[in-house]
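Trainee: Mind having a look at this structure? Questions to follow.
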């Protein structure tokens with residue numbers, strides 16, 4: 001395979017993990033970061049100890065503080081940043097791009113102010129003439145396990161399946177299997193909304209409830225995700241795949257999951273401000289819960305679990321009381337509530 005340069009915007013755990021994969025595949029990953037300390041550590045020590053402790057990076061992984069340097073000559077630009085920074089970074093990217101480039105994003109969330117998915121935010125901020133294609137790379141994955149080269153599967157979703165296949169070819173190897181899909185909306189809805197349900201799974205575990213409760217929460221949570229997804233144009237089958245149920249399972253059941261850990265602390269009685277301070281990293285489900293709360297009402301979509309989690313986060317609702325209210329809802333036929 002011909003060696004290709006790939007720029008990665010974001011020096012966090014996911015951006016760094018993907019850079020490791022690209023280096024393993026004999027490509028030239030260049031990470032753009034905004035902190036001297038992290039950029040220097042990647043270049044000099046070949047580690048990123050804050051985000052991926054104990055991982056030694058291939059020497060081919062490089063980092064820079066210069067966006068122009070990172071994207072110069074890159075076949076693909078991967079955007080691996082928190083959703084709250086997406087607009088700002090994409091404005092910078094739009095100014096810096098000199099020719100049409102394949103853009104890939106791995107950020108999972110909804111913009112609260114607009115209810116826009118991340119690909120829609122990118123499309124607003126990066127001129128169409130500078131976007132050769134826009135691909136969503138998503139699925140059941142923790143950066144820590146990708147960096148350890150544990151078996152992982154993802155899905156590259158794009159309306160242009162040829163572009164999705166290019167991304168597939170750059171990242172696929174014996175440790176990371178990539179599928180392709182043309183349902184961008186479904187991939188983004190599944191990836192974003194599962195973070196809300198993962199908060200709920202953590203809350204359930206923090207309250208001391210068992211596997212029964214979490215299994216029910218995940219299953220009924222997926223019903224809510226599917227209802228909203230179909231309402232905005234997703235293929236319902238997408239939610240049975242990697243970017244749907246796959247991503248939900250890994251995020252609701254793993255100690256690597258920031259959303260599960262945050263929910264677990266909430267379930268044990270800590271308030272949201274305390275939890276976010278202790279986490280020290282972005283918890284996307286909190287921001288997404290705020291967005292989906294208003295979005296579901298606007299679309300008249302029934303999402304009782306999501307609404308309960310919103311109430312716990314932002315209205316100081318007692319978690320046990322929220323569970324009691326969910327369990328006491330009007331009886332239904334299961335098939336009618338999907």
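Just so it is clear, glycine is given a Cβ too, placed from its N, Cα and C backbone atoms.
Reproduced below are the annotations present in Swiss-Prot:
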- 13, 14, 108, 143, 258, 282, 284: NADPH binding site (BINDING)
- 108, 139, 141, 194, 247, 257, 258, 259: sn-glycerol 3-phosphate binding site (BINDING)
- 194: active site, proton acceptor (ACT_SITE)
Trainee: Taking the Cβ of residue 257 (sn-glycerol 3-phosphate binding site) as reference, which residues of that chain separated by at least 6 in sequence fall under 8 Å from it?
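Mentor: Residues satisfying the criterion: 142, 198, 202, 250, 251.
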Trainee: If you count, for each of the binding-site residues 108, 194, the other Cβ atoms lying within 10 Å of its Cβ, which residue has the minimum?
Mentor: 108
Trainee: Can you tell me how far the Cα of residue 13 (NADPH binding site) sits from the Cα of residue 194 (sn-glycerol 3-phosphate binding site), in Å?
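Mentor: Between the alpha carbons of residue 13 (NADPH binding site) and residue 194 (sn-glycerol 3-phosphate binding site) there are 19 Å.
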Trainee: Using Cβ atoms only, which residues of the same chain lie under 8 Å from residue 139 (sn-glycerol 3-phosphate binding site) while being at least 6 residues apart in sequence?
Mentor: 152, 153, 154, 155, 242, 243, 246, 247
Trainee: Which chain neighbours of the NADPH site, leaving out 13, 14, 108, 143, 258, 282, 284, have a Cβ atom within 8 Å of the mean position of the site's Cβ atoms?
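Mentor: Counting only non-site residues, the set is 12, 82, 281.
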Trainee: Measure from the CA atom of residue 284 (NADPH binding site) to the CA atom of residue 194 (sn-glycerol 3-phosphate binding site) and give the result in Å, rounded to a whole number.
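Mentor: Residue 194 (sn-glycerol 3-phosphate binding site) to residue 284 (NADPH binding site), Cα-Cα distance: 10 Å.
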Trainee: Over the residue list 108, 139, 141, 194, 247, 257, 258, 259, recorded for sn-glycerol 3-phosphate, what is the maximum interresidue Cα distance in Å?
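Mentor: If we measure all Cα pairs in 108, 139, 141, 194, 247, 257, 258, 259, the largest is 16 Å.
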Trainee: How long is the line from the C-alpha of residue 284 (NADPH binding site) to the C-alpha of residue 259 (sn-glycerol 3-phosphate binding site), rounded to the nearest angstrom?
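Mentor: Here the two Cα atoms are 7 Å apart.
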Trainee: Among 14, 108, 258, 282, these being the binding-site residues, pick the one whose CA is nearest to that of residue 141 (sn-glycerol 3-phosphate binding site).
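Mentor: If we rank 14, 108, 258, 282 by Cα distance to residue 141 (sn-glycerol 3-phosphate binding site), first place goes to 14.
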Trainee: Pull out the binding-site residues from the set 14, 108, 282 whose C-alpha sits within 10 Å of the C-alpha of residue 259 (sn-glycerol 3-phosphate binding site).
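Mentor: So the list is 282.
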Trainee: For a quick check of packing: other C-beta atoms within 10 Å of the C-beta of residue 14 (NADPH binding site), how many?
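Mentor: Taking all protein chains shown, residue 14 (NADPH binding site) has 25 Cβ neighbours within 10 Å.
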Trainee: On a simple 10 Å Cβ count over all chains shown, which one of the binding-site residues 13, 259 is most densely packed?
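Mentor: Sorting the candidates by Cβ neighbours within 10 Å, the top entry is 259.
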Trainee: When neighbour density is defined as the number of other C-beta atoms within 10 angstroms of a residue's C-beta, which of the binding-site residues 143, 282 has the lowest density?
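Mentor: The binding-site residues 143, 282 were compared, and 282 has the fewest Cβ atoms within 10 Å.
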